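Worksheet: one structure, shown below.
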């Protein structure tokens, strides 16, 4: 029995690490390739937001593999696990995700990277607050320290952005982009705990296959929401012309578009996978600890400067991330010790996952 539990724990850690990697790829690559789209002549905000979830058919491949495996073991296995209750929750969250995609894409199109990073950094505080309200997330001194450090780090990173307004951009455009990005951070800070709440209230066994099905539904409805925006804004009629006029050439335009969709799928699947195997707070912390890395990649690919503020932010991010995992290790050790003292009631400092 102990050997089985040990194997299950090891598999859970493996899947958690895999989803952390997917989240890292999407979190770092998504903003960079979206920025590339706008920097080289792309201008369609609804189309750019559509690409954030438009790669949802990719999820059909692992779902098909899962179904084939289930059918081989049980010929009567159902095609889908998701039930109407969870489907409706995923659809609603998907519409919110579509709105968040548009808000974020608008901000990226109007603001410099440093300002966008500063504003998106507030997402961690929103996630922490909404996680407390929605799923009753409890905090330890370590997790609170991580939230503070990971919020302060990107704030320091953005302190040099005062004179970084894009040339030729008016006050109105700048401030609309500013508040759009802030709204995107707040909305995604709500979405992560809502996903966790959907898992907890699903009234059915939540497996990773079900997680992928939920991801598929969320992305489908988010894409449908953005498709309506594209139709109203006549984006479909403009794409071919934009491709011909793209600074990197028509072929590379479509490569940027395709990879945009693929990389953002890594982000969303990784995010909800981390929530499934851990918590919405850990998902938010991973997103934020990668901000300095995203900045470093921007320096390499877009030749941006690296002032002292970025070094300080990188240090604070590593400190915050370490703080979180030290707390997790101490909690796990306390749990293991408590199992050996069955007659003693011990008050744990558990960070609920």
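Every residue gets a Cβ built from N, Cα and C, even glycine.
What TrEMBL says about this one:
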{"type": "TRANSMEM", "residues": "14-39", "note": "transmembrane segment"}
{"type": "TRANSMEM", "residues": "45-65", "note": "transmembrane segment"}
{"type": "TRANSMEM", "residues": "86-105", "note": "transmembrane segment"}
{"type": "TRANSMEM", "residues": "117-135", "note": "transmembrane segment"}
{"type": "TRANSMEM", "residues": "142-162", "note": "transmembrane segment"}
{"type": "TRANSMEM", "residues": "174-195", "note": "transmembrane segment"}
{"type": "TRANSMEM", "residues": "216-233", "note": "transmembrane segment"}
{"type": "TRANSMEM", "residues": "253-277", "note": "transmembrane segment"}
{"type": "TRANSMEM", "residues": "284-302", "note": "transmembrane segment"}
{"type": "TRANSMEM", "residues": "308-327", "note": "transmembrane segment"}
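Count of Cβ pairs under 8 Å against the transmembrane segment (86-105): among 117-135, 174-195, 216-233, 284-302, the largest is for 216-233. When each of 45-65, 117-135, 174-195, 216-233, 253-277 is checked for Cβ pairs under 8 Å to the transmembrane segment (284-302), 117-135 comes out on top. Sequence-remote contacts of a segment are chain residues at least 6 beyond its ends whose Cβ falls under 8 Å from one of its Cβ atoms, and for the transmembrane segment (14-39) they are 48, 51-52, 105, 108-109, 113, 116, 208, 256-257, 259-260, 263-271, 273-274, 276-278, 283, 286-287, 290, 293-294, 297-298, 301-302. The stretch with the most CB contacts under 8 Å to the transmembrane segment (253-277), chosen from 45-65, 117-135, 174-195, 216-233, is 45-65. Between the transmembrane segment (174-195) and the listed ranges 45-65, 117-135, 216-233, the one holding the most Cβ pairs under 8 Å is 117-135.
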